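Database features (TrEMBL):
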| type | residues | note |
| --- | --- | --- |
| ACT_SITE | 75 | active site |
| ACT_SITE | 75 | active site, proton donor |
| ACT_SITE | 242 | active site, proton acceptor |
| BINDING | 13, 46, 66, 76, 77, 182, 215, 233, 234, 243, 244 | substrate binding site |
Ligand SMILES: N[C@@H](CCC[C@H](N)C(=O)O)C(=O)O
């Protein structure tokens, strides 16, 4: 089967965007994995499938798959790319677009300068929402934080698959937990460039306390309006930026008393701006760039199989 695609990126988090407005492609997990593969396919952190509105109160639906083929609830950088895609292709002339994703309905606005703001919905703190099983753990105060919120001391079990040098990184790490519709664990670090993202990220992602795995963020607080962030994404590994990860990190920083309500997030792929007023029903606003890289078409191999 030959399919057309658009390759996009938002702060370096990259996407293959598929147009399913005229009919479903019905791709399997193996086919999503192949499209995301940087050696044999197109290459992407996530695949976005744009679909017609399922109800009159929204303009479109889009579905998100991680590079490992799993479907996910939400994607902040993907949401901005989605807007640029539907507007760039003339699929809508609205600047404010309502779209259904697995997490619910989100609203997106494109500014004159091309940056897109996404109303990501309110963060959720119930452990069951991630889900996270706290059995046997006692929450601890965050270092240098004056807020009442607590972090969870997660014991990382060395993974025999890791090199001995990386296993030494495995220890107890304090994490804040936030669901942005998808699950995030956020650790505070002194220097994000020296943070053990590649060694501890996979251990956090697959820790047994997270039944559906988790995205692992490593946040360096620079001052009350600036952080540096790296995220080891569930189902994709470390990406150049993670939109929901930026939202979760800033929300965690605000609740811990370390950050104010508007924060610039420096990632390896660019700058994102996050705003949150701090109330239980207040939406998190995510602003950042979104660009088309190229368009193309590709033959999906016939012999791709999902594991039995
Ligand atoms: N890159 C995304 C998040 C994509 C989903 C995530 N890996 C998950 O599994 O929850 C973003 O920009 O938010």
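Including glycine, each Cβ sits where the backbone N, Cα and C put it.
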Fill in: Lowest local Cβ density (other Cβ within 10 Å) among binding-site residues: 13, 77, 215
215
Worksheet item: Around residue 234 (substrate binding site), how many other C-beta atoms are within 10 angstroms of its C-beta?
Response: 26
Worksheet item: If you draw a 10 Å sphere on the Cβ of residue 244 (substrate binding site), how many other Cβ atoms land inside?
Response: 32
Worksheet item: Given the recorded substrate site (13, 46, 66, 76, 77, 182, 215, 233, 234, 243, 244), which additional residues of the same chain have their Cβ within 8 Å of the Cβ centre, ordered by sequence?
Response: 45, 72, 74, 75, 78, 231, 236, 239, 242, 245
Worksheet item: Any idea what the Cα distance is from residue 13 (substrate binding site) over to the residue listed as 'active site', rounded to a whole Å?
Response: 10
Worksheet entry | Diameter of the substrate binding set by C-alpha atoms, the set being 13, 46, 66, 76, 77, 182, 215, 233, 234, 243, 244, in angstrom | 17
Worksheet item: What count of other C-beta atoms do you get within 10 angstroms of the C-beta of residue 242 (active site, proton acceptor), across all chains shown?
Response: 33
Response to the item:
Taking only the CA atoms, the spacing between residue 75 (active site) and residue 234 (substrate binding site), expressed in whole angstrom, is 12
Discussion item. Are there any residues at least 6 positions away along the chain from residue 66 (substrate binding site) with a Cβ closer than 8 Å to its Cβ? List them or say none.
Written reply: 36, 45, 46, 72, 233, 234, 235, 236
